[in-house]
Amino acid sequence: AATAPRIPPTRLALHHFDINYSLQLKELWPSVRAGLLCEQKYGALLNNFSLLDHVTQELELLNATDFVSEATKKVQSVVAAEEGVVMQAEAMTQAEISPPLRASISSNIKCYTFPRGDITRFRPARPDTLGILDYYLMDAASLLPVLALNVQPDDFVLDLCAAPGGKTLALLQTGACGKWVFLKLLLLQVLVDVPCTTDRHSVMEDDNNIFHKRRTKERQMLPMLQLQLLMAGILATRPGGEVVYSTCSLSPLQNEHVIERALEIAETQFNIAIRVEDLSHFRMLFQDTFSFSSDCRLGELVLPHLTANFGPMYFCKLCRM
């Protein structure tokens, strides 16, 4: 008997997303779907360990801008405006002035992107005379969890899932990490960038695709694995410590639901209180570069969009009380 034709995992993934994300995203799904199926947009993360002057000039001549420094300027202007209002009204305390905006955005991270609607590609990175690359091409949205972590000088940082290493690379560019920790001690900063369905890869590449039929059970167990990793990150932090959880999936089962379950387990089984930090200011700071979901209950979600085709990228910041 003839064997049934093999269905490519990319088609299985798209069928799965059509069923689930059309219900989740409703009228936004056709646009997000088109973004997922089109060429991804990249950012150029500058390598602070290389000679940067000529690279910066070259990128700016191409009309690319450093979206992190642009956000920093926006923070400074907003805070200055609010302080002016406070001085006039003399009715608000310093603590009442947009606390999230007062949290610094690491200016040491420099990532250049082309404007919305501009599909220009960056040239491949070139090594200098010492063999050091001048920049790294990556999804610029993957820097948002690193920026949310807000690493300060000499912080002990644990990158719990450091493969393939893009976010670790970005953390190194901050120049703030005192040590990379692989010891049994309680930390202040933990990044938990978990394995997920990697939605864009799943609809574009058959190779190493988690929607391959032989990986069905592995895919179904992802939320459990993600929960276990997040709990490990929470338990690794000391009181006052912070955890940033992230995925490159649109799925609420891998995003908000994992956060909710972790909060419940932390309280009921470990008597640990967790506060979910408000990251809504990221939408204001980076709206010129990324397309954000307005319906994310916990954390923030970058949606692929044809004019700003980054993501998907979900990130949520937790603080251990």
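All positions are counted from 1 along the displayed chain.
For all residues, glycine too, the Cβ spot is worked out from N, Cα and C.
Positions annotated as active site, nucleophile by TrEMBL: Cys248. Every protein chain shown contributes to the tally, and the Cβ of Cys248 (active site, nucleophile) ends up with 23 other Cβ atoms within 10 Å.
With a 10 A radius on its CB, Asp193 (S-adenosyl-L-methionine binding site) counts 25 other CB atoms from all the protein chains. Annotation source TrEMBL lists S-adenosyl-L-methionine binding site at Asp193.
Sequence annotations record features per position, and here TrEMBL assigns domain 'SAM-dependent MTase RsmB/NOP-type' to 189-321. When pLDDT values are averaged over the domain 'SAM-dependent MTase RsmB/NOP-type' (189-321), the model yields 96.
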